[in-house]
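Q: Annotated ATP binding site per TrEMBL: GLY139, GLU140, SER141, GLY142, ALA143, GLY144, LYS145, THR146, in sequence order. Annotation source TrEMBL lists coiled coil at 891-1074, 1312-1412. Residues annotated as compositional bias 'Basic and acidic residues' in TrEMBL: 1112-1123, 1145-1171. What TrEMBL records for 45-739 is domain 'Myosin motor'. According to TrEMBL, the feature domain 'Dilute' maps to 1507-1783. What TrEMBL lists as region 'Disordered' is 576-610, 1081-1123, 1145-1176. The region 'Actin-binding' annotation in TrEMBL covers 619-641.
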Amino acid sequence: AELLKDYKQGDKVIQLRLEEGKELEYCLDPKTKELPPLRNPDILVGENDLTALSYLHEPAVLHNLKVRFIDSKLIYTYCGIVLVAINPYEQLPIYGEDIINAYSGQNMGDMDPHIFAVAEEAYKQMARDERNQSIIVSGESGAGKTVSAKYAMRYFATVSGSASEANVEEKVLASNPIMESIGNAKTTRNDNSSRFGKYIEIGFDKRYRIIGANMRTYLLEKSRVVFQAEEERNYHIFYQLCASAALPEFKTLRLGNANYFHYTKQGGSPVIDGIDDAKEMVHTRQACTLLGINDLYQMGIFRILAGILHLGNVGFTSRDADSCTIPHKHEPLAIFCDLMGVEYQEMSHWLCHRKLATASETYIKPISKLQAINARDALAKHIYAKLFNWIVDHVNKALHSTIKQHSFIGVLDIYGFETFEINSFEQFCINYANEKLQQQFNMHVFKLEQEEYMKEQIPWTLIDFYDNQPCINLIEAKLGILDLLDEECKMPKGSDDSWAQKLYNTHLKKCALFEKPRMSNKAFIIQHFADKVEYQCEGFLEKNKDTVYEEQIKVLKSSKFKMLLELFQDEEKALSPTSATPSGRTLLSRTAVKPAKAKPGQASKEHKKTVGHQFRNSLHLLMETLNATTPHYVRCIKPNDFKFPFTFDEKRAVQQLRACGVLETIRISAAGFPSRWTYQEFFSRYRVLMKQKDVLSDRKQTCKNLLENLILNKDKYQFGKTKIFFRAGQVAYLEKIRADKLRVACIRIQKTIRGWLMRKKYLRMRKAAITIQRYVRGYQARCYAKFLRRTRAAIIIQKFQRMYVVRKRYHLMRAATIMLQSLLRGYIARNKYQRMLREHKAIIIQKHVRGWLARVCYHRSLKAIVYLQCCYRRMMAKRELKKLKIEARSVERYKKLNIGMENKIMQLQRKVDEQNKDYKSLLEKLTNLETTYNTETEKLRSDVERLRVSEEEAKNATNRVNTLQEEITRLRKELHQTQSEKKTIEEWADKYKQETEQLVSELKEQNTLLKKEKEELNRLIHDQAKEMTETMEKKLVEETKQLELDLNDERLRYQNLLNEFSRLEERYEDLKDEVNLMVSIPKPGHKRTDSTHSSNESEYTFSSEITETEDLPLRMEEPSEKKAPLDMSLFLKLQKRVTELEQEKQSLQDELDRKEEQALRTKTREEERPPMRGAELEYESLKRQELESENKKLKNELNELQKALLEKSSPEVTAPGAPAYRVLLEQLTSVSEELEVRKEEVLILRSQLVSQKEAIQPKNTMTDSTILLEDVQKMKDKGEIAQAYIGLKETNRQSLQDYHMLNEDGELWLVYEGLKQTNRLLESQLQSQKKSHDNELEALRGEIQSLKEENNRQQQLLAQNLQLPPEARIEASLQHEITRLTNENLDLMEQLEKQDKTVRKLKKQLKVFAKKIGELEVGQMENISPGQIIDEPIRPVNIPRKEKDFQGMLEYKKDDEPKLVKYLILDLKPRGVAVNLIPGLPAYILFMCVRHADYLNDDQKVRSLLTSTINGIKKVLKKRGDDFETVSFWLSNTCRFLHCLKQYSGEEGFMKHNTPRQNEHCLTNFDLAEYRQVLSDLAIQIYQQLIRVLENILQPMIVSGMLEHETIQGVSGVKPPGLRKRTSSIADEGTYTLDSIIRQLNTFHFVMCQHGMDPELIKQVIKQTFYITGAVTLNNLLLRKDMCSWSKGMQIRYNVSQLEEWLRDKNLMNSGAKETLEPLIQAAQLLQVKKKTDEDAEAICSMCNALTTAQIVKVLNLYTPVNEFEERVSISFIRTIQMRLRDRKDSPQLLMDAKHIFPVTFPFNPSSLALETIQIPASLGLAFISRV
């Protein structure tokens, strides 16, 4: 809280404001009037070490622990020599391998508090002081003691390793699950509470590696076996057994559910949340197996445990008050007896009876039911205790070492001070043990304080501290509590009540520490160092005696179960508790067996030792052990009783801090001088309080002068030799003075800056005001002039305006007048026109009406006249009809009429047809229907009239007419209907038209909208396409990066395996050297030399005779971890193939010997046939060249296959376009091309044979040379030309001899015969060659066909695979590809071996032939005269070479090879070569020697030289591997040698950078691709060794230079240190600074450049160096709270900028080194940025993309203000960061892997240096080498 009002003497209330902002009135105690304790300065809150606090009191300690635990999530805190560990009840990621490596080798105060720091301190002190160490872990149940002890042991196991190959450290860790299962149980306070104490001694040898361990156990809680309180469990092993009861091997144990057994169901909580007892049983059994407890013994253990469970279910029935019985054939007892191998009757008898012995006789007495139950429970406890001890013994035997122990570190995991509502004998023993330990702790702290004071020569004043010796005396002294208890146990009728009375009588009112409760006579109170504890006397005697009936033990001893007998075999020979068993374990829980009759002698007395007596003796032994070691203390605190994670209960914490002695430590420290500063640290912190004149060269005197001025009371501080000692509160006072001085300085700076700012502002405002005035006055003047101009203009405007208005008014009036006139005149004219129009219309109407009346009168008269005419005509017709009827009666008339009637009927029929047609036309022409109808009606009427007049036979026709009339009527109706429909349709059409128009308009609108949408969609599609393109590009870049990462991972894995291989190789060499040293005289005949292989010293020796396919598995083994499982059939096939190869090799060797003998035998035959020598040699030469080219081609194909196979396995491997697929296609094309080449070769061979045939004839040889020239041009190789020339020369010389002997008789005929024989021979050779070539062509065609089939099969398989799911597809394709490629490799291997066999045979024959040719040439040259030589044919090929035209080769003798390696590698000094000679000279010399061996075609020499070179480099690096210059030199030379082998290999990819002269120097006979791989692997090993050397040099500098050293002086002040010594951040003489790092980097860079290392390789080395620097710095930052501040962030960023500047100076910015520092840069930025609002959180999340979430949160948690002006990071802000980063997928690992090495590559870097220009300096001593 903060004081709001100054306190005055006598005030009863203090006004305070709490941290959360709440105001409070604090009332002082009226009696003591003590003020509340003062708070430490903010800079000290959350300090690593409680002793560094200026105010040392309980509230300050509690607050500091709470801030660290709740706010910073830090569970460890130092308190002087004690490590306080608060149980977080949560798994924290702070115990990994990376954290162990980070703490290894560090000083204890340099890093944040941790159990690993304590373990490292113990390990370091053991090695440095050669003194045994102890780590004492104590605390309440559930505080985390066991876990802390476990982590300490894990640290030792990880850091030290084991001295033997038996993995002792694994066994030490494996003892934990066993001991936890049999000794831990669930309690109300802890799910895994240790119910026994243990002290584990971990033994080390002289090299401080673990060799073994030994365990002692203390006070096992046996009562838990038979009784458990509510919500508690028995020991874990019982529940593990019940959970595994269903296993077949456990059927005989007849187990069931845990609720079935009395001993496991009493607590009512048989299951622990999150724990699977069955799985735990598996772990327990695995640990037993690892510790050598075999399955038989394990089953024995489980059998005994099951027997205990069944024993608990044995029930008793009362017969009377003093006796009981067991039911007949009681199942639980029967099972118990069966498991234990004892008699049922005996056990049931002695469970219900006991034997009593008196002075004269022995008799058997029955016991009551309660006594029987107690006896049963005592037996169960006794068996379990025996089993526990037996297991501990066997664990110790397994951990026991045969090697002599040099030193040990003991880890004591023992119960802390306990106080419950009811405290009994167990709590008494536990608190007794804690009293002893507290006394030892107090003495140790006191001793350390005294040593510190004496070392600093401070006057020693006796510090009063609590001495608990009186309390210990009360317990263990003569007539103490334990003595009285033992005495009472010996009494025949001793009881708890009588013992309590003796205690009261002896100690009450005599000892201040012993009290009696007011309300009880069966309890007593002891004032322990931590608290008062009330003990209930009930049960003390029984537990102290721990009685079990001897008769029951005898029954068990008579068991047939051997393991049970082992448990009780030491009953008779009980050892003294003070003496140890052979394994070193003290028997602590031995129970006294009550005998029938007391036996005299020592054994009997020792046999009756009580539990209290045994415990006291074992405790004394433990204290002796601890006093003989250097102790380290870990105090475990339980933060709350509910197991809530990161919840802090202050009251419980204070109780435990008092109980474990932490507050006593604080009190002891506070009593003296708790705050200690070195003079340099004090000067650096409080330099601001000094004036310049006060600063002297002597820092000590300067500090003294300052303190004398600041603190007047000299008792408040003391000056030591190297430190200043302060009383409590003085550092806070100094901090206040410093803060006040800084505040005054800040105010002064603020005042000055504000004044300067205000002056600047005033001057700026004055200048602005003048400028404004100037502009305003000018503006006003301009405004006045403008006003005058406007006034004049306004007058003119008014004049013209007024004139305009008047003129406008006149024109308006005139226009209105004219308008009125025109309107009036128009109106009059219109009226006149209307009148005239009406008159005219009336006349027209009259005219039409009169005309209509006249027409009506006329029509009426006409109608009357017509009617009269009709009447008259009717009358006349009737008369005529009458006449006709009379005439018709005559026959003749009828006939005449009939004839006419037929014609008329036909006419009528025709007319009817026409009418039908008209009817049809009516239907078609509805619009003209009415007119047509009238016309037809008139016609029909007239016809009907005529028919009626004619005769009655026409009635039918008349009827038809009527029908037609009806039809017409109907049609008329239809017409009307159609017209109405038409009208309706027209209306509908109009409506439809309107709707259509409306729809069209709507569609047009929609069309417009759609066009807009289309345009929008097009734009969106365009944008999406653009985005997709960008996305695809990003994805492509990401995939490329991923592929690069995968490639780097594979490369890294391969290089790591290579590193491991080299380590094992070195280990093998060391072991071999050790064996050689042990064997003084080597065995005769042990050495051997292999003719076909080089020496066995190197793993990298390969013979050129070994094919690449044999080497392939070796190279594929290491990088192919993701490879599919090896096919067994393939493995067997390969194994069989190796055997065949060995046999074939032997047969080839025999055949070669036979060929040599055959060649020697045929020598004479060849001399007899000189004409055919040239043809045969040329044929052999051509055949050899052909086979060599084929061999080379096959090797290249095999290399391509290997590269394809070595690519990363993926589903696309078998897809078209994949590397393997492309290689097969390329091979297919190459085979077809080879077929064409074969055809051409056949033609060439034929032409060459014809030319040779002609050349043998004398005329052609003498005259025609054009054929020879053509043949020479066709020959591609110099070797072919030379061979052909030799052959021709042979034949020509022979023919010349014949020419000179032509004149002799008979010679011409002989020549003719010889020519005929030659022709026949050539013809037969041509035929055989043609046949062989035909066979080869057929074979090639067959191969092409098989390849086509294989290709089709592959495509089918590919199609099938594409239908499969991805996982199955990948697996199937991989399996198939591996099988196919292995088969192909085997086939290719066979072909290559055949080719190699042929080549070797031809080489051998070639050597023999060349030798013979030389002999023949010499013999023939002697017989040829000078004239004959002139007449020889042309020799176009043999060109003599100048002597001084060097070919860039070095010749040496085979015997000089060791000297070459010695002078050039082993004895060479890198510095002399680097300074005086060209870089890489040894590599050039070695390569030139290889070139000469290649020129000689001596494979043995090449192999031997390369092997010796590699072995020599390895020896140099092994001998001087710690020298950076040596390693750098040989890395550079190895790479140059590798580049030379590539540059001059003859491969096109490497030759394109060469000059024509360099291309002439390429290797001609050997393909050294295998050795290139070997040298590449060697270069990788050298690179890794270089990085290790570099890391070892830089490691001590990094933390000091990058973190601790103040590069910018005065930015960060030093915080007050605690008791733990913290590394000073001030640069002392021996301290490394940033300049040290940069100087070292300059040295590295200069050395590498001087040695001519490849620039790309230098970049990789620098990148790795910067990565190590950044990783080590960041890791240290994450583990040091004192380094996480704003000012330290500025220091780090400045240091990083200096490193970047160094990179720029060296032109290494593109090396990727800067990127490796990105995590460190972001961590420094995180320390400096604002950390308050949500915007700040968002900025941090986007900025810190190279840091993991765990690292960001850790930095924020550790952030500590160094000055008062900085603010802490709030918990809410950290939670905001965590919420924002929860979706980020990154590694949960906290620390960076500082041991990570990036995979190295060696880009090809050809040399422009010409080999023939290289001179060998005489200083190298290589006079035995000559240039060629």
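Even glycines carry a Cβ here, placed using N, Cα and C.
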Q: Within 8 Å of the Cβ centroid of the ATP site residues GLY139, GLU140, SER141, GLY142, ALA143, GLY144, LYS145, THR146, which other residues of the same chain have their Cβ?
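A: My list of surrounding residues reads ASN87, ASN190, SER193, SER194, GLY416, CYS636, LYS638.
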Q: Sort out the sequence-distant neighbours of GLY142 (ATP binding site) for me: same chain, 6+ apart, CB within less than 8 Å of its CB, listed by position.
A: ASN87, THR187, ARG189, ASN190, SER193, LYS638, LYS643
Q: Please list residues from the chain of THR146 (ATP binding site) whose Cβ is under 8 angstroms from its Cβ, counting only those at least six apart in sequence.
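A: Those within reach of THR146 (ATP binding site), by Cβ under 8 Å and sequence separation of 6 or more, are GLU180, ASN184, ASN192, SER194, ASP413.
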Q: Can you break down the region 'Actin-binding' (619-641) into helix, strand and coil residue counts using DSSP?
A: 9 helix, 8 strand, 6 coil
Q: Limited to the coiled coil (1312-1412), I'd like the whole-number average of pLDDT.
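A: Averaged over the coiled coil (1312-1412), per-residue pLDDT gives 71.
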Q: Can you check which residues sit near SER141 (ATP binding site), meaning Cβ under 8 Å from its Cβ, same chain, 6 or more apart in sequence, and list them in order?
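A: Listed in sequence order, they are THR187, ARG189, ASN190, SER193, SER194, TYR415, GLY416, GLU418.
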Q: Which chain-mates of LYS145 (ATP binding site) that are at least 6 residues away have a CB under 8 A from its CB, listed by sequence?
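A: Spatial neighbours, sequence-distant, of LYS145 (ATP binding site): VAL137, SER138, GLY139, SER194, ASP413, ILE414, TYR415, GLY416, CYS636.
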